[in-house]
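Trainee: Submitted below is the structure of interest, expressed as structure tokens.
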């Protein structure tokens, strides 16, 4: 009897264990009413309509039919591009997010159990975020030359730039570069600034000094950390051994620096001297021309009658010099004789008469008792009169009278300088008409002229 009872007890225990561990994956799960003051178990929900505790749907599924008092929830799988990530009792699955844009990268694909996740590409940050991933990306700020990155950008924040401090520089446009320190030089060719590094000159203090072999640390200090210090010490001894030839490059540089101002000064000075020389040559040429003009003007004789008349033509001067050889009394007698002779002659012969009258006035001795016929008394006087006819305009009128004096004391220099001056066609007739006795008398009355030897003897008392 004992073995039978043992087997019966084992069978009952197995049934109880099976009942206690029964799986709730059955399609028709019998809901239950919760006890007062208690809640539904895990992965269950309380339905307000049925007032029963019902089971939830697993991720990737949704509730197709809700539970009742007699039936449990009926679940169904999600469609494509939809998902449910948690235990739920929703009637529809959630839609996956839109595809990633060109500035985004898909880090998680869309499945029935998870949504699609997009993040920003490198160099971009998320300007508008969401629960998972980023909705809108923007490019990171790039710091321009002279500015460095103070705070680098992240997936959700932009870059912060700041100006480079003195002694540092940034010569790039970047969203990651920071300000770097200037290189240290013994001799600075171009000093550095916020956007440019310092430039070191190739001429070192070692070359400028005679005992240059002592300055071995030069290669390390001349270049910054970017240069290679290993080959520099090998070149330093060679530079120190070539010290006698070394000072030539600085001397050439200094000569080139001084050559520009010295050449400029010499060029300006030479140009000034050249201009002064040209001006002096022009002045000397003008000064040499003026005495020649004065000498040419001095050759023309100026008689007292010419000075009284002012500036007259050369023809008028030669016409007026005939008057001083006669006295005032002889001119009066000649004028009276011409007045008596004028009515007897016709008008075309007037120029010839006036010319002859002028010749008589020039050669007359001043006799006051001349005959009515116009024949004057000749006393030791020889008159040569050339009369031009007024009808012949092509001929040149000229008169030349020479008086031969009995007195040998008178020198040829005292006689008037008579020159034969050719006249134009119009002047031959016009001059003869203008030079009437009244004109001759008017010109001679301005200043008394000296009388000749024959005139002095016949001067009326």
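Note that Cβ sites are derived from N, Cα and C of the backbone, with glycine treated the same way.
Model, not experiment: these values are computed from the prediction.
Look at Swiss-Prot and you will find 227-240, 325-337, 394-403 tagged as compositional bias 'Low complexity'. According to Swiss-Prot, the feature compositional bias 'Polar residues' maps to 364-377, 404-414. Swiss-Prot lists 171, 193 with the feature N-linked glycosylation site. Residues or ranges marked as region 'Disordered' in Swiss-Prot: 208-254, 321-377, 394-461. As annotated by Swiss-Prot, repeat 'TNFR-Cys 3' applies to 119-162.
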Trainee: With DSSP as the reference, give the number of residues of the repeat 'TNFR-Cys 3' (119-162) in helix, strand and coil.
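Mentor: For the repeat 'TNFR-Cys 3' (119-162), the helix, strand and coil counts are 0 helix, 23 strand, 21 coil.
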Trainee: Taking only the Cα atoms, work out how far residue 193 (N-linked glycosylation site) lies from residue 171 (N-linked glycosylation site), in Å, as a whole number.
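Mentor: It is 10 Å, counting Cα to Cα.
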Trainee: With an 8 Å cut-off on Cβ-Cβ distance and a minimum sequence separation of at least 6, pull the same-chain contacts of residue 171 (N-linked glycosylation site), or say none.
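Mentor: Residue 171 (N-linked glycosylation site) has long-range Cβ partners 145, 195, 196, 197.
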Trainee: Average the pLDDT scores across the repeat 'TNFR-Cys 3' (119-162) and report the rounded value.
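Mentor: Average per-residue pLDDT within the repeat 'TNFR-Cys 3' (119-162): 93.
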